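Undergrad: Next up is a structure, given as structure tokens.
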């Protein structure tokens, strides 16, 4: 048989074509014939082996192996495991090594056996010091047993050739049954071999200092043997070993160090007992395990009890440490939510406990109002009582819990005489959820400074000028600069406005891309392509643009343009030396505003004038700022209240940040003298010297449900703008948001955020133009530093830094959340932090992904975090595989290295948010989503670019629906039928982003019914050519619609408008208008439209009826160079507030100015604003020619550019 295989292999190689040449048809046919012949030979060979082979019949004496070194044995096992893993990854049924799903589970069992056996060999080779012959016998036994593993699998594999079937299921079951039955005592005399080795290991326990059995996988071997071979005997032994297996690897090993030898002894005694039992039971069937225990003199039951007590103690300690100490009320909220989920999930199996669990739930609920009083009272004794509520419950079994809660409640009621002084500062939650902060930041006392800066920005000095502002943290440097940066009288004088924030830790690439994004437009095709170039996605070699190349692109963009650059938080002169070369001086009155805390840096950077030192507020200005923040446009009418307010403002040390924070406290209180006096007394006379004390006071008066939300900001980096949708998603996954009947969690979370904004703890950086909702925010450095430190003190959040020693990490208690910035940090310290509930990666370089060299290590390290609920890797860390064993995950965000999602993703049945990005995904290479995703019924947000379903036929057959799914992006459709099918499966969608290519439909303008709750729809055409949309969009509650790269005409938009009566925002980007570039808007179209944005549309003639757009507030035109004019009917739209024109024709500007004149003079609309962005046509033309030269790299430009 071997000779036959050798000859066949030689013949196949002889016809194998040169890999550098194309296959010839003849060779291809010969190749196919020989493959068929090989399949047939394999099948016949299996039949011969099957007739002769039986696992139990083979004896150790009949197998002689020359090399029985442990290294050789482990290498052979590694080859077996590797080959089996390859087989398990073959998912294409067309391949002849494809393993059907029902057989994979059996092969996984064989894999487990091999891995366990390999560990046993490794452990014995490193620990056993007994005579060599004992180990040689053991290694020989292990090698042959591994070979039997491989043989069973090989006979198990199907072979599809000449219609020959693989082994029948009954035959496979017989082989596996033989294998499973004999694997414990295995090859005779296997039992005596195991007993000899375990006795040898036991004798080395006092000498084994490096690695103990208790902390290693050796504990898996006896428990695995028990699960196969034992029935109900010595259940206590089984419970003990299960406890060790499931928990020891997650517990801090330093807490166990004084018990390791005892635990080793118990584990090895258990193994000796089990294998001795099998050895004797083979001779006497009625032998009991207890008899063997006495015969060996182990007395395992007595030895087990103290170990169990110790392990439970360590488990309790670790679990208590894992609970955050932010607020005691959160303990009960946490326990109540999990108790309800637990009862709902296991309602059938817990029927016998139903009454007890319901009583426990009732008692918990009754504790909440008492604990709220305790949580608000800072007295240490009450705080201890509060924490005891959770820690005492952990120790009790369910029979004792009810009695214990009753006792705790009684203790709390005894302390319910706490003074009511601080109750006035408790937030009125119902009103806070609806509150919205005024959009503009208040500036008081710097009118003279603002005017001076404005004059320097707009003076006639031709050369570049750097205007430096310096001052201590909290003075308002950034607020002041932002006011000028958003002042249209200033901004309109510059061609380009851009900004960046340096801070102490920064990345040149990050700063450059931030500036380029502002300079060329964040949503422009040019910016998107630049990002792809920067991260290497547009290069065959995946070469990233270096910082010098990006700096060159920035210089070319700024050259010959008049620009305004804002550079915030510069710490050293050397930093400015590195940055200044990015900004060319073309003698065109360009300006740079630089902000720093240090006078030396400000003086060093200034060019034509002295740096501006931002002074402190005087007493009168301090009171005015406090009054504005508390009373808004009104004033304080009470002289007594004003006197207290003046005293509080003075106590804040004339620092704007301190005043704003205290105003946040006062704004939530009753405007009574007694309440304000209480605040003044709590602040103390020392407050002006300690900004943290003011923040601490603001934190102290926060309602319990906001404290965790506020401290969670500590997981973000300094000077980073935080995306609100991402933040709210994390809050919800962390269970910070308390559910309220009939209200979406997102709405409640938005109320939480507005509350923090209203207290001046969070700064708004961007609001949605349509509805004013917050889209982005950030924290002041002082507040962020407080969050990081307080979160660490409260066991809430731990930052792992590159210079932190392992000893320091081990000394920490377990924290609820773990944040890190370097992949190596997570790998090195994962063992000491394995009980955390969240792992958050924060990159200093948000545009770039780290190298994927750690992908495999990171993926396996993540499996150590068994209780993980949130895994947020920010698309930065590439993982080798999705950790589908982390069953508690609710939030997963990562970058993957493959274009298919495994079907086992459905194992993450708790998952609510899934954000994945494949490094190679594109319109030509889509991500395949398995049909099992429809089993993930808790999924609420799914974000995977360019994904399509793996098996559309299976999707048709599967009637499951994702009722909770609210956000979906970005499915890729090529047929309208596919889109309809997807929409039927997601009936409650609220936001949908679609990628389509060459959409086909049997009916032109077929009405496609979108989910009734859909509010946001973005539709992108990814075909090279502009295509029509073969369906009308019907979505009765749609508020936001964006269409990009489509061919539209008046008829289509008119018919679609009939189905979109509640549309508020319409954006058309890179759209071709039919009818010779004409768009006719008739009466009744888009009656609720508030924002209309047209970008790079080939619109020449725009005909608008008189009564169209009755509610329009904003009109934005960009790149509409062929448009002749803005229709005159816009003059009579009374709701119009804003028109912006960018890259325009002169006739459009003239019509815009006429509209402005009419709005202001005739209708007295003094709030109307007209913004005209200047454009230099020569530079723009050069830029377009440069863009045209990049088409070979995949850029697709709009036809109006050509």
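Note: Cβ is positioned from N, Cα and C throughout, glycine not excepted.
Pulled these from Swiss-Prot:
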| type | residues | note |
| --- | --- | --- |
| BINDING | 471, 472, 473, 474, 475, 476, 477, 478 | ATP binding site |
| COILED | 345-368 | coiled coil |
| COILED | 437-459 | coiled coil |
| DOMAIN | 426-741 | domain 'NB-ARC' |
| REPEAT | 865-889 | repeat 'LRR 1' |
| REPEAT | 908-936 | repeat 'LRR 2' |
| REPEAT | 1011-1036 | repeat 'LRR 3' |
| REPEAT | 1040-1059 | repeat 'LRR 4' |
| REPEAT | 1060-1084 | repeat 'LRR 5' |
| REPEAT | 1086-1111 | repeat 'LRR 6' |
| REPEAT | 1128-1151 | repeat 'LRR 7' |
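What's the neighbourhood like for these features in this structure?
TA: Note on residue 473 (ATP binding site): other Cβ atoms within 10 Å of its Cβ, all shown chains, come to 14.
Summed and averaged per residue, pLDDT over the domain 'NB-ARC' (426-741) gives 81.
For the repeat 'LRR 2' (908-936), same-chain residues at least 6 beyond its ends with a Cβ under 8 Å from one of its own Cβ atoms are 537, 729, 732-733, 849, 852, 869, 875, 878, 882, 884, 886-902, 942-951, 954-955, 958, 960-962, 964, 972, 985, 995, 997, 1022.
When Cβ-Cβ distances below 8 Å are used as the criterion, the repeat 'LRR 5' (1060-1084) is approached by residues 523, 525, 770-771, 1026, 1033, 1035-1050, 1053-1054, 1090-1109, 1122, 1198-1199 of the same chain, each at least six residues removed from its ends.
The list of residues near the repeat 'LRR 6' (1086-1111) in space but at least 6 beyond its ends in sequence, with Cβ under 8 angstroms from a Cβ of it, reads 523, 769-770, 1057, 1060-1073, 1076-1080, 1117-1120, 1122-1127, 1129-1130, 1132-1133, 1135, 1198-1200.
If you look at the repeat 'LRR 7' (1128-1151), the same-chain residues 6 or more away from its ends with a CB under 8 A from one of its CBs are 1090, 1104-1106, 1108-1122, 1158-1159, 1162-1163, 1165, 1167-1173, 1175, 1180.
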Undergrad: Three-state secondary structure of residue 478 (ATP binding site) from DSSP?
TA: helix
Undergrad: Going by DSSP, how much of the repeat 'LRR 2' (908-936) is helix, how much is strand and how much is coil, in residues?
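TA: Secondary-structure breakdown of the repeat 'LRR 2' (908-936): 5 helix, 11 strand, 13 coil.
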Undergrad: Ranked by the number of other Cβ atoms within 10 Å of their own Cβ, which of the binding-site residues 472, 475 ranks first?
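TA: Neighbour-count leader: 475.
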Undergrad: With DSSP helix as H/G/I and strand as E/B, how many residues of the repeat 'LRR 1' (865-889) fall in helix, strand and coil?
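TA: Going through the repeat 'LRR 1' (865-889) residue by residue, I get 0 helix, 5 strand, 20 coil.
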Undergrad: Excluding near sequence neighbours, so keeping only residues 6 or more apart in the same chain, what lies with its CB under 8 A of residue 477 (ATP binding site)?
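TA: Once residues fewer than 6 apart are set aside, residue 477 (ATP binding site) is near 469, 470, 471, 568, 595, 614.
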Undergrad: Highest CB neighbour count within 10 A among the binding-site residues 471, 474, 476?
TA: 476
Undergrad: Tell me which residues of the chain lie with their Cβ under 8 angstroms from that of residue 478 (ATP binding site), as long as they are six or more apart in sequence?
TA: 568, 569, 595
